[in-house]
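Listed features, source Swiss-Prot:
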BINDING   112, 113, 114, 115, 116, 117, 118  ATP binding site
């Protein structure tokens, strides 16, 4: 347990996470100061009166006078004000670091470019199925500090690369990097290796590292060591086994579950199930209850979610695909009897869209591209692409064209913030229009 008595603490960034940090310090007899670059950040109305606040910009004077800065994952450590504070020897941490210093129960930690929310939720469900008192959160659901509880027997945290950059005390009982594909390149000027380096911090002091046999970038810098357990499509300690037209989850050569018993579908979800099982095994959860959880889990909204099946057409909301790798995961091994009508677009965060090209061949694909980077996406295969300003226009354009056997898939490969509040709002809008048009 760290002691913050008498420390001058400054919190950057409000919202739910910022408020959880404020409450954390107030409970320990320390009154922090809060700043946010937004004029009226979310949660401002919930900030206790006693807490000094500065909004609309950063307050360099407060920062340079601080003993400890708690930075929101939304602000880059490379920001000149934070750089100056770091150069002056001021400690900069995030909420996850505060959490790790206090947590008394083992932590399962999950990061990766795609699939992390599904895997985090699944491991949480496996723990619940075993009757374990579990706290699930971090980058999804509740901020980590709100999970702190003496009664808790296990924590399962989803961590972003931004959160890992400010964390040094994590000692996970099991940690994984699911995959590393381009994302947030606007925050990583030195490219993919800089982004990977942030993710690799999750393995420091971890007891078991669950690595992706199909993605070398998920391996520890010095290569696999005795802490590593692997998963993969065809290889790895945990892998998929295809026999007589059926697919099984297999662990070290032993078939443990036929995927037809799972509610989740799609190859990317079968590998998510493998990782969750590997993490649950490493955390000491009983295998039987973990497998039972796999047969009941229905998946998360906006993640390859079938929102309508009508007249032989499936409308699928994969709005959570906010980067190229996530859309690749949706398209990889996808089977459509008729034509795939694929909706792409939004803010691409300076990503390279070219990896998508290999999935867009053949006569049975139509692209509908919208939003800020619509033109760039339409250029992937111009002869089958149409460009509109908004997603709604795209859906009204494609609706009269769909035939039985077709699939309409929103898997945009982009963030939603150019036209929507968040990916959830984009997904809800898609679902609403699907029900109207389908």
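Each residue, glycine too, has its Cβ placed from N, Cα and C.
As the structure is a computational prediction, the values presented were derived from the model and not from experiment.
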CB contacts for residue 117 (ATP binding site) [other CB atoms within 10 A, all chains]: 19
Count of other CB atoms lying within 10 Å of the CB belonging to residue 116 (ATP binding site): 24
Number of Cβ atoms other than its own within 10 Å, given for residue 112 (ATP binding site): 26
Neighbours of 112, 113, 114, 115, 116, 117, 118 excl. site residues, C-beta within 8 Å of centre, ATP: 110, 119, 178, 179, 272, 326
